[in-house]
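What follows is one structure encoded as C-alpha cells, with my remarks underneath.
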Amino acid sequence: MLARRSRVAVAFVLACGFYLFHRAFFSSPGGIGFNFIIPHDIRIQYPFEEKGTNARDAKKAEAVKEVMRRTWKLYKERAWGFDEIKPVSGKSRNSRNGWGATIIDSMTTAAIMGLTDVFAEQYDWVVNHVDFNKAEGLVDPFETTIRYLGALVSSVDLLEAGIIPPPSPLFRQEILKQAKTLADNLGPGFDTPTGMIWPRVNFTEARGMDMSGRRHQHAAVHLARAGSHWLEYSTLSHLTGDRIYLKNSTKAWDCLVFNKRGEPWPGILQSPRSIWTGLPVGATRTLGAPDDSHYEYLIKAHLLDPNGSTKDHARRWYQAMTSAQKHLSSTTKSESNPHTFLLSYSKDRYENTMGHLTCFIGGNILLGAKYLSQPSLLSFGEALIEGCHHSYDSMPSKIGPESWSWMPRESHLRPPHFPGPVALSQKEMYEKTGIWVTVTNYNLRPEVVESYFYGWRITGEEKYRQWAWEAFEAIVKATETEWGYSEVEDVTEVRKGRNLRDTSESFWSAETLKYLYLIFEDPELCSLDKWVFNTAHLPGQYLRDDDSSCLDISTDLDRRHWAKIGGTIRSQISLTIGNTQQIETGNRRSARECILTPTVEFERYVDEEEASKKKPKK
C-alpha cells in the first residue's frame, strides 16, 4: 500500500511538473509555442486595381531610372571591375573583396528597371570574369551572402519569372554555378558547434576566422550575422536541389529561433552571442544594428516558405515585435511634435538614440502585421515610419541623419533622467523639432525609403509616395557629383559640392534606387503577394506547393501531403530537434550541425497544439 501511494505521489508530482513546464513554454505568450494561427490566405498588398487607385507614376519612375543609368555609366567609365567608384575624385576602390560589388549587387535593379543592356554587361562579368575561389583579404560572410550570393540567386528568380529576357539560354546553370562556388567557399564559416557563422572566412585556408584573422574560442557575433542567411541559402537549395546550403543556414536555429533560455522580453535576444556556446556574452537588446536583420528574416522566412518548417519563425517575430512595442517604443516629450521611435537597451539602461539603419523596422512590422492580421502592430509600424520621416523632414537638407536622440515621454524608463542635447545647435534643433542629431552624415542608405515602399504597397496611402519623392529629390540634390552620388558629411547643413565624403557603396544602386523605382512603378512588379525581399532588397519568389519540397530540412523526410482549401494552404507542424550529425559544408570541410528534424503533416485545419521540443544531445 505504501509503495502504491509513493508511486501515485511521484506520478502526481511529475504530472504537475509537466503541466507547469507546458504552460511556461507552450501556452503563454512568453513561450515559444503559444497558440497562434497563421492565416495563409491574407492578401498583403493593397488592392490598387480594385480600388481604382492610380498606382503607377511613370514620370517619377523614369526619373529614378535615369539616376540609375547615370550611376552605371559613370561607374563603368571610371571604376569598372572594382567594388565601388569614389564619386568625388572619380577614383575606384575595393571594399568587398574585389569581385565587383556594384556590378553584382545591382543586377536585380537593372533587371527590374528593364535595363537589358546593363544586365547583359553584369551577366557577362559574373560568368566570364569573376573568380569566387579567390578573394582580396578575409571575406565577411554576412555582407557576401546578402549582396553577392543574394544577387545571384535573385537574378535567376527574376529571369525565370520573365521580368527581363535572359541574356543566354544557359543563364540558369551559369549563374548558379557561380553561386554554388561562392556558397561552397563560405561553407567553412559554419564550422562551429552552434552553426553560428564565423565573423570572417579565409578562402585560401578554407577556415572560419574572427575579424583579426585569428581562430580562437571566444569569437562572438551579433544576431544579424548569426541569423541572416536563411533566405539566400534556402533559395539556393531550392534552385539547385542541393540541401547542404539550407542545412548550413539552419544550424543556428536551435540557439536563436528555438532558444530555451529565459527571455525577460519574449522574442528579443541578448547580443552578441558566442559562436561556440550560443550563449549571450553581451547584454544589448535592440531591433537596430547590429541585430536588425535577424528579426527581419523571422517573418520573411515564413513568407518565403510558409509550407515548410518556418511556423515558429513567424511566432518568434510576433513575440519580438510585441515585446518591442511594450518595452522599446518611446514617444517624444514634445507636445507640438510627438513622434514614435525605438529605444535600445544595454547593461540595464535604456538608450534614447535611434539610427537610420533601424528605420527598416517600420516597413517590416507592416509586412508581418498585415500577414498575421495584427492591427495594433500595423499602427505601431506606421507610427515608426512617420517618426523616421520626421528625421528627414526636420533637417535643413531634408535628408535624415545617421542617428538622432529625443527626450522620452515615458516616466518608468531607466535611467529616470536621460542625457539631453549638449551643443547649442542641438538645443536649438530640439526646441524646434523635438529631436537632435547625434551623428550627422547620410551614407546613401535605403532604410527610410524601404519603409516608404512597404507603407505604400501595403496601405495604399499616397503620403508614402509623396515622402519618397521628397526624399529622392533631396538626396539627388545633395549627393550628385561629377562621377556619381556621394555620401553627405552633415545633413544639418546645405552646402552642395562642399559637404561630401567621396564614398558610394553598392547599396545606393542595389537598394535605395530600387526601392524608389518600385514605389512609382506598377505595384504588380514584384508584388508583395508573390515576392519577398532579403535585407539587401533582392527579391525571391514565394515557394508554393511542390516548389518547396526540396527545402525539407530532414534528409529522411521525402514526402509531403498538401491540402488546398480555397487556394490556401493550412498546416500542422510538429518539430523536434535531432541528434548532432556530421555534414559537409559545401565541398570544402566538415562541420558539426544540430539538424532540426521536422515531421510535417498537412491537414485541412491548423492544429493549435504545438509539439514539445527537446534539446539536442551533445
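Just so it is clear, glycine is given a Cβ too, placed from its N, Cα and C backbone atoms.
The disulfide entry in TrEMBL for Cys359 points, among Cys255, Cys388, to Cys388.
Annotation for Glu143 (active site, proton donor): spatial neighbours Arg96, criterion Cβ-Cβ under 8 Å with sequence separation of six or more. Mapped onto three states, the DSSP output places Glu143 (active site, proton donor) in helix. DSSP gives Glu447 (active site) a helix state. Cα of Asp292 (active site) to Cα of Thr535 (Ca(2+) binding site): a span of 9 Å.
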